[in-house]
Each structure stands twice: as C-alpha cells, then as structure tokens.
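A.B. asks: Straight from TrEMBL, here's the annotation block:
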DOMAIN    37-74  domain 'EGF-like'
DISULFID  Cys64-Cys73  disulfide bond
DOMAIN    94-130  domain 'EGF-like'
DISULFID  Cys120-Cys129  disulfide bond
Amino acid sequence: MCAFVRLDTVAKSVPKVCFLSADLVNKPLRVSCVLDFIALCDSAVACSGKGFCLGTEKNNLCVCSRGFRGDHCEILMNSTDILMRQRRSQAKKLQSACDPSECSYKGLCMGTKQNFQCLCFLGHSGLKCQKNIFAAGRIHA
C-alpha cells in the first residue's frame, strides 16, 4: 500500500515529496522522499486567499471562489455581475443543446447541436432514429 504525502518542512524548510509505503504483512513502514521538489503555489498568496491555486509559485492559475474574479481573485463581483454570468452560462447551454428533431422525434437527443447521439425509442433505429423496425417485412415471428 502506498500513500502520497507532501511535506513542506521536513528538513530546514526544503520542500519535499514523500511516499509512505507499508506492507500489511509484518514489514516495517518506509518513507521515501524526493528532494528539490518544485514549490507549489500558495493559494493564500497567489489567489488573495479567495481561490484555489494550481501550478507552481512562478507559473500558476487561480480558480476563484464564487463571487470573485480576476487573475488573482482580487475583484469582488457584485450581485449584478454574478447574475449576468449565470444568465450567459445558461444561454450558452440552451443554444448548444441538440434538438429533438435531430432524432426524428423518435428518440432522445443527447449532446450538442454539433456533436449529438440519438437514443432511439423502441421500434426505431438508425443514426437519427429514422428507421421503423416494425415496418412490414422487417420483423418475422
């Protein structure tokens, strides 16, 4: 069994990545550390404490908490900003959803207008559910 553990201050503030491995059959616990690990970014510093930091201290990206925006999550959004973003997001989803007509109204359309797949109702088949498998001569009892 292995577990990944990040230890920031193992020895004199040198960042390390350590792997903790333990065999459950009477073997001692082992810790293997990798020195000179690239220092990960600190969310409190890089993202003003208002987001989650991905990357390193020198090259990072902030994923801002709800209500904040900006490269470092430094801009507080007001309620109008939040509402407008939600509406734009909903409008994009509605515009890109596939239409039931894509499946000849004989199946469920799943995906977007550009990339969809039809899940045909019983008795229909084909890429767009256009084939009636119960049509005369297609099914034999």
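Every residue, even glycine, has its Cβ placed from backbone N, Cα and C.
Any TrEMBL annotation is an automated prediction that lacks curation.
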A.B. asks: So, by DSSP, how many helix, strand and coil residues make up the domain 'EGF-like' (37-74)?
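C.D. replies: Computed counts for the domain 'EGF-like' (37-74) are 4 helix, 14 strand, 20 coil.
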A.B. asks: Return the count of C-beta atoms lying within 10 angstroms of the C-beta of Cys64 (disulfide bond), excluding that atom itself.
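C.D. replies: Result for Cys64 (disulfide bond): 19 neighbouring Cβ atoms inside 10 Å.
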A.B. asks: I'm trying to understand the geometry here, so how far is the Cα atom of Cys129 (disulfide bond) from the Cα atom of Cys64 (disulfide bond), in Å to the nearest whole number?
C.D. replies: 43
A.B. asks: Tell me the Cβ contacts of Cys73 (disulfide bond) under 8 Å, same chain only and six or more apart in sequence, or just say none.
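C.D. replies: Result: Cys47, Ser48, Lys50, Gly51, Cys62, Cys64, Ser65.
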A.B. asks: Could you tell me the mean pLDDT the prediction assigns to the domain 'EGF-like' (94-130)?
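C.D. replies: Summing pLDDT over the domain 'EGF-like' (94-130) and dividing by its length gives 85.
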